[in-house]
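Visitor: Relevant sequence annotations retrieved from TrEMBL are reproduced here:
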TRANSMEM  27-48  transmembrane segment
DOMAIN    41-289  domain 'G-protein coupled receptors family 1 profile'
TRANSMEM  60-79  transmembrane segment
TRANSMEM  91-109  transmembrane segment
TRANSMEM  130-151  transmembrane segment
TRANSMEM  197-225  transmembrane segment
TRANSMEM  237-260  transmembrane segment
TRANSMEM  272-291  transmembrane segment
Amino acid sequence: MLAENDSLVTEFVLAGLTDRPELQLPLFYLFLMIYIITVLGNFGLVTLIGLNPHLHTPMYYFLFNLSFIDLCYSSVFSPKMLMNFICEKNTISYVGCMTQLFLFLFFVISECYMLTSMAYDRYVAICNPLLYKVTMSPQICSVISFAAYGMGFAGASAHTGCMLRLTFCNANVINHYLCDILPLLQLSCTSTYVNEVVVLIVVGINITVPSFTILISYVFILANILNIKSTQGRSKAFSTCSSHIMAISLFFGSAAFMYLKYSSGSMEQGKISSVFYTNIGPMLNPLIYSLRNKDVKVALRKSLLKFQRKDRY
């Protein structure tokens, strides 16, 4: 597919977050720290869930996948973003750019549906607790997670396939720190009408379906929680959902804000606001789920005690 593209551009230049020289080094250290925290946090959560059998439940199965997605997602663009702060000219090949675009979209769309799966899991746990083990069996959880990755693959393939049909002539400076759809469309010297229609359809589906499913799930969850008579039971139900609500708000809120800025024509503001969507979210997710979750804290203490005992002997 790449070989058939008649693009005149063989490489792109990533403009980066800012062109102000005095900010390059401070921003390099800031985003390096964010990336290190993101990798350690998500890798730690993946390892913790994998090593502790009592965390092998549907809720933590989806959290395992969410952390895995965040780990891969941040690694798709962070190294190039960091290079932009210390290199005079941060270039990326045409093939590299299309690969980055595909992987970025694959993990972003997969995260949308993984967060949706987690909302459905909470709905079943709170609204149908007696049927929870049957409804959320390992086989069904696997099907749901594969469906999330399948939607990610389909969406990324549609966007990347349409991008490959475009011709890029002389302009090759991408006004962003990664290869994203809208900055790339601005560089095309051929009609982008088909791409814009695909963006409208695919983005529409990947926002409407998860948002509607999450909203309906939490309407039922809230109605069920309000019917719980005991204060302790009510607070326990709320606490199991609070971490997920924070993660959803962070992901969908920052993504919506970023694309609203882009649609208003403000590329610079859209680029800056995208930091919350691309960098801050994957960093905060493991902190949100570990600091507000008793099971994770207990598992972490047990794992640390095991390592301490091994060191002694």
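Cβ atoms here come from the backbone N, Cα and C positions, even for glycine.
All TrEMBL annotations are machine predictions without curation.
These numbers come from a predicted model, not from an experiment.
What's the neighbourhood like for these features in this structure?
Guide: Through the fold, the transmembrane segment (27-48) approaches residues 17-18, 55, 63-64, 67-68, 70-71, 74-75, 78, 81-82, 85-86, 279-280, 282-283, 285-287, 289-290, 296, 299-300, 303 of its own chain, all at least 6 residues removed from its boundaries and within a Cβ separation under 8 Å.
Residues 31, 35, 38-39, 41-43, 45-46, 49-50, 100, 103-104, 107-108, 110-111, 114-115, 117-118, 121, 138, 141, 144-145, 148, 177-178, 247, 278-279, 281-283, 285-286, 289, 295 of the same chain sit 6 or more residues outside the transmembrane segment (60-79) yet have a Cβ under 8 Å from a Cβ within it.
Nonlocal intrachain contacts for the transmembrane segment (237-260), taken as residues 6+ away from its ends with a CB within less than 8 angstroms of a stretch CB, comprise 59, 66, 111-112, 115, 118-119, 122, 125-126, 203, 210-211, 214, 218, 221, 224-225, 228, 270, 273-274, 276-277, 280-281, 284-285, 288-289, 292-293.
With a cut-off of 8 Å between Cβ atoms, the residues of this chain six or more beyond the transmembrane segment (272-291) that come close are 17, 31, 34-35, 37-38, 41-42, 44-45, 63, 66-67, 70-71, 73-74, 77-78, 176, 178, 180, 243, 246-247, 250-251, 254-255, 257-258, 261, 297, 300.
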Visitor: Given the model, what does the mean pLDDT over the domain 'G-protein coupled receptors family 1 profile' (41-289) come out as?
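Guide: 88, rounded to a whole number.
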